[in-house]
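Q: In case it's useful when we look at the structure, here is the feature table from TrEMBL:
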DOMAIN    14-176  domain 'Thioredoxin'
ACT_SITE  CYS56  active site, cysteine sulfenic acid (-SOH) intermediate
ACT_SITE  CYS56  active site, cysteine sulfenic acid (-SOH) intermediate
BINDING   ARG139  substrate binding site
DISULFID  CYS217-CYS223  disulfide bond
Amino acid sequence: METLQEHEQIIAMPRIGDKAPEFKAVTTQGDINFPSDYKGEWVILFSHPADFTPVCTSEFITFAHLEDKFDKANCKLVGLSIDGLYSHIAWLRTIKEKIEFNGMQNIEVKFPLIEDITMEVAKKYGMIQPGESKTHAVRAVFFIDPKGMIRAIIYYPLSLGRNFDEIYRALIAMQTSDKFEVATPADWNPGDDVIISPAGSCGVAEERMTSTDELNCKDWFFCTKPLDKKDVLDKILKKPKLLAK
């Protein structure tokens with residue numbers, strides 16, 4: 001019978017604003033020390049329930065297809081399930097050699113996939129949720145910033161595949177917030193107006209409401225301003241390396 005302490009260990013999870021729990025692990029790309037190996041970069045750590053399952057296969061094909069896009073945004077990908085290393089290797093070979101999804105085929109998964117047979121890492125990150133499954137990780141997505149802090153968490157049930165456009169959008173939105181000290185409204189994408197911090201005094205509130213500059217104030221607490229898509233992407237995306245003459 002599961003004790004209360006064991007139950008709490010399974011469902012314990014870090015929170016937004018916490019330092020990402022540290023661990024060492026064996027992966028399909030060699031050993032890693034997490035998150036120290038990724039210092040100075042964004043990382044998306046994500047879990048899937050099991051190898052050789054259809055929803056997970058569709059997700060890995062999609063993530064691998066988009067890996068360069070995330071890399072240009074200074075973001076590395078790290079996957080995890082409670083399967084063993086040899087299962088991981090066999091599954092990734094099958095994906096490359098046999099599986100086509102949404103026009104994507106011959107896809108090689110180059111990012112590391114963590115072996116977590118003991119569920120040690122999955123438990124540290126609250127990926128084992130007994131209400132969904134006691135023996136498989138749910139579909140968790142952790143956004144970890146260059147300082148090793150957890151900035152966002154998304155959980156999906158076993159039956160629901162992830163929306164990778166939204167994962168990328170969330171990454172770019174958080175980077176934009178950091179670079180430009182703004183917030184992003186619902187459904188924001190680069191090029192859309194951004195939200196500035198609410199007025200901190202009556203004087204500032206009045207000034208904003210009567211301002212004729214680029215601010216667009218719906219009311220004293222809700223002001224937006226334009227932010228050019230090119231300015232956003234120039235700040236965030238890696239610059240292409242120039243070839244030596």
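Glycine is treated like the rest: Cβ placed from N, Cα and C.
Since the structure is predicted, the reported quantities are computational estimates derived from the model, not experimental observations.
Quick one: where do these features end up spatially?
A: DSSP gives CYS56 (active site, cysteine sulfenic acid (-SOH) intermediate) a helix state. Less than 8 angstroms from the CB of CYS56 (active site, cysteine sulfenic acid (-SOH) intermediate) sit HIS48, PRO49, ALA50, SER81, each of them six or more residues away in the same chain.
Note: ARG139 (substrate binding site) has non-local neighbours PHE46, SER47, HIS48, PRO49, GLU59, TYR155, TYR156, PRO157, LEU158, LEU160, GLY161, ARG162, i.e. same-chain residues 6+ apart with C-beta under 8 A of its own C-beta.
The local packing around CYS217 (disulfide bond), expressed as other Cβ atoms within 10 Å of its Cβ over all shown chains, amounts to 17.
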Q: Helix, strand or coil at CYS223 (disulfide bond), per DSSP?
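A: Strand, per DSSP.
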Q: Please report the three-state DSSP label of CYS217 (disulfide bond).
A: strand
Q: Check each residue in the chain of CYS223 (disulfide bond) that is at least six apart in sequence and keep those whose C-beta is under 8 Å from its C-beta; list them in sequence order.
A: ILE195, ILE196, PRO198, ALA199, ARG208, LEU215, ASN216, CYS217
